[in-house]
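Step one of this worksheet: look at the structure below.
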Amino acid sequence: MRGGQGAVEARVLQFTNCRILRGGKLLREDLWVRGGRILDPEKLFFEERRVADERRDCGGRILAPGFIDVQINGGFGVDFSQATEDVGSGVALVARRILSHGVTSFCPTLVTSPPEVYHKVVPQIPVKSGGPHGAGVLGLHLEGPFISREKRGAHPEAHLRSFEANAFQDLLATYGPLDNVRIVTLAPELGHSHEVIRELTTRGICVSLGHSVADLRAAEDAVWSGATFITHLFNAMLPFHHRDPGIVGLLTSDRLPAGRCIFYGMIADGTHTNPAALRIAHRAHPQGLVLVTDAIPALGLGNGRHTLGQQEVEVDGLTAYVAGCSVESALEAASLHPAQLLGLEKSKGTLDFGADADFVVLDDSLHVQATYISGELVWQAEAARQ
């Protein structure tokens, strides 16, 4: 055995000639990996007296934590809200294909559906670690059906629900067991919503506010009950008004629990949110920004007719925009912040020592060149193989 007592014989990889995102800065340091974790090189050198088994030159590229998408409805023809006979194979396909986008873990999202769909689909999508087979599944995001009719957006009105007197039991009757659920989006102005929020957070489930006509006071009360996230800020909620900013006002509210960070999802495609609105939100509360795709089954397929849950959607034209912030901030909004939202910041969304070695290699234009999960190469661009 090489090194001191207790030295682990797993192979040590050293990624050199790279810029690592750490502590909000891009640092010219090497990244060391062993056993699927980020390694502290000082302990390796001084306690184990060991060097790397393999060195990989990154050609000056950026190494950032793997992206975490907490709102993705499907992709590549797969609709997570469709109760097919083999839901798992569809999730597996999406998990594999999103590796090329730098996503190392995600929350499959179900839009408003009838109870029989939840009862069939939810048990078939368990939490699963990532690897060469695809990105890891962190748990489901159930967006609806307990949302506002006025702000339902693309959610089918026929399947919307409000809470009955025995609210949490009503939720369980709708969804079924919550073992695989990580996030629930609901409208906080619905009657009995606060007891539901408390029950969900007690079970470790993140509650997000969205598809809502709530005023600021109702939103603040929901945060006091345990809500920590806002689903696609600005979209499907009351517009900002200077007399009552609604849910948007949570970004600068002084009536929140001490030390509580409110996170908010943003679809930064230039269509769902104007770049100026994105800049306003980011400058007001940069620590809370979580970039989400809100991707639909049409992801990767282009124009045409596609499904979204119980209805058809027409895709005509695909355009993406960058709203403008530092590279470091944008990368943290796609990795660290969603990890913090889900309470996973010790293991994911970071390249700190001891964290999971889930990371993405990017060129200066932020094009994905390679994706690693647990220190293992799971996807690589053709150009990077040469």
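Any Cβ shown, glycine's included, is placed from N, Cα and C.
TrEMBL has this to say about the protein:
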DOMAIN    62-378  domain 'Amidohydrolase-related'
BINDING   E143, H211, H232  Zn(2+) binding site
ACT_SITE  D294  active site, proton donor/acceptor
Spatial neighbours of the residue listed as 'active site, proton donor/acceptor' among the binding-site residues E143, H211, H232 [C-alpha, 10 Å]:
H232
Sparsest Cβ surroundings (other CB atoms within 10 Å) among the recorded positions E143, D294:
D294
Environment of E143, H211, H232, the listed Zn(2+) site - residues of the same chain whose CB lies within 8 A of the CB centroid:
Q71, G144, I147, G153, H155, T185, S208, G210, T231, N235, A236
Looking only at H211, H232, which of these binding-site residues has the biggest number of Cβ atoms within 10 Å around its Cβ?
H211
